[in-house]
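Report on the following structure.
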Amino acid sequence: MEQSSRQGQTSTLPADPPPGMFALLAGFLCIEFLLAVVCLNGPHFGSDFAEFWAASRLGLAGHATDIYNGAILVQTERIVTPALRDGTPWFYPPTFYLVVLPLSLLPYKLAYWAFEIATLTFFLLVSRRVTRNRTALWCLAASPGLWINLLYGQNGFLTAALAGSALLSLKRRPILAGVFIGLLAIKPHLALLFPVALIAIGAWRTFASAAITTVAFVLVSVRVMGSAALKQTFASLGYARALLEDGACREKMPTVFSFLRFLGTPLRAAYALHALVAMLAIAAVWKVWRSCDDWRLRGASLMTATLMVSPYMQVYDLTWLALPILWLSLAGLHSGWIRGERPTLIAAWLLPLPMAWVATTTHLQTGPWILGALLGVTLRRAIASREVAKPGLAYAT
């Protein structure tokens with residue numbers, strides 16, 4: 001039985017970090033940053049943020065739809081990154097355009113730090129709702145996924161904070177939880193599993209709130225950008241698909257599709273097998289949310305499985321792993337560890353750092369294996385849990 005696989009007794013983290021921990025973390029972060037530059041093929045600091053700033057500059061100049069023109073967008077990016085050789089067209093939805101629109105009101109470097117510090121603060125505040133244990137929070141702050149997101153200047157802090165806020169608000173503030181889910185329309189593929197989870201527990205008020213927020217968010221963004229924005233957004237998805245299929249940044253994609261393409265699997269077969277694994281991940285989320293009343297396991301299953309569903313997922317999206325790792329660690333400390341759980345958590349914590357380098361040098365994409373192991377550990381813990389909810393009752397409204 002699963003219960004017999006638990007190892008050792010329950011334990012707790014010290015409330016205050018042990019002496020020397022700050023020095024250890026500081027040294028690790030320096031090494032981590034240097035390795036990130038090497039392992040990620042040397043991205044310019046804030047390289048992706050230049051695209052956000054350029055989109056804002058074009059928008060505030062009255063040329064919002066020009067962001068979908070790759071040549072114009074890259075030319076604007078070169079204002080702040082002259083060494084940029086090429087870039088990618090904008091294939092974010094109009095909703096994310098609203099988020100970045102004010103950025104170029106500030107000089108580029110100041111805008112970068114303002115955006116990253118603001119979204120990191122949001123993420124850390126959400127993490128404090130999970131635990132106020134300072135040792136746990138310092139370990140979370142050292143997570144490679146967070147620092148890689150910072151290195152790129154990406155939006156991983158923001159999307160992870162929105163997802164975490166939705167999950168933490170779901171039981172007591174269902175309408176607000178729906179608003180947070182609706183705001184994930186800035187990156188719709190990261191919100192795909194919320195409807196599955198909400199239907200599983202019968203959280204219809206949250207479902208309605210999320211739907212209304214999403215529709216309103218899209219309408220406002222299209223109103224600001226112009227009606228042509230939606231058409232151009234869908235057209236830009238063709239480039240995103242080409243980027244995915246051509247393997248331009250396959251080493252940075254922790255997906256089954258990427259793993260299979262590294263092995264030389266034909267395109268259609270890679271899509272089909274990825275879809276099969278995605279369906280298994282969705283089924284795992286349904287199982288956990290339907291049968292387990294532990295909110296930590298529900299949150300961990302949804303956020304981990306989300307990273308396995310879309311074939312297009314980037315290394316900075318692994319910022320999402322910080323919360324599942326935190327939830328599962330707290331569950332292990334409280335209830336005892338499941339066999340293989342701690343090595344899996346360590347591997348998931350480290351994953352964003354060496355993943356791209358390992359894939360580049362060995363043509364082996366390790367990301368989906370570790371994500372699958374993490375989801376498997378979550379499912380095993382949920383099945384073993386004694387906190388079983390009656391189907392559809394926990395958050396039914």
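Glycine is no exception: its Cβ is also placed from the backbone N, Cα and C atoms.
According to TrEMBL, the transmembrane segment annotation covers 20-40, 110-126, 146-168, 175-201, 207-226, 269-289, 309-331, 366-383.
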With Cβ-Cβ distances below 8 Å as the criterion, list the same-chain residues six or more beyond the ends of the transmembrane segment (366-383) that contact it, or say none.
2, 253-256, 258-259, 277, 281, 284, 287-288, 291-292, 294, 297, 300-301, 304-305, 307-308, 318, 321, 324-325, 328, 331, 338, 340-341, 344-345, 347-348, 351, 355, 358-359
Go through the chain and flag residues at least 6 beyond the ends of the transmembrane segment (309-331) whose CB is under 8 A from any CB in it; none is fine as an answer.
40, 48, 123, 126-127, 130-131, 136, 140, 143, 145-146, 148-149, 152, 154-157, 159-160, 163-164, 189-190, 192-193, 240, 244, 249, 252-258, 271, 274, 278, 281-282, 294, 296-297, 299-301, 303, 341, 345, 348-349, 351-352, 355-356, 367, 374, 377-378, 381
Going along the chain, which residues at least six beyond the ends of the transmembrane segment (207-226) come within the CB cut-off of under 8 Å?
59, 64-65, 93-95, 97-98, 101, 174-179, 181-183, 185, 194-195, 198-199
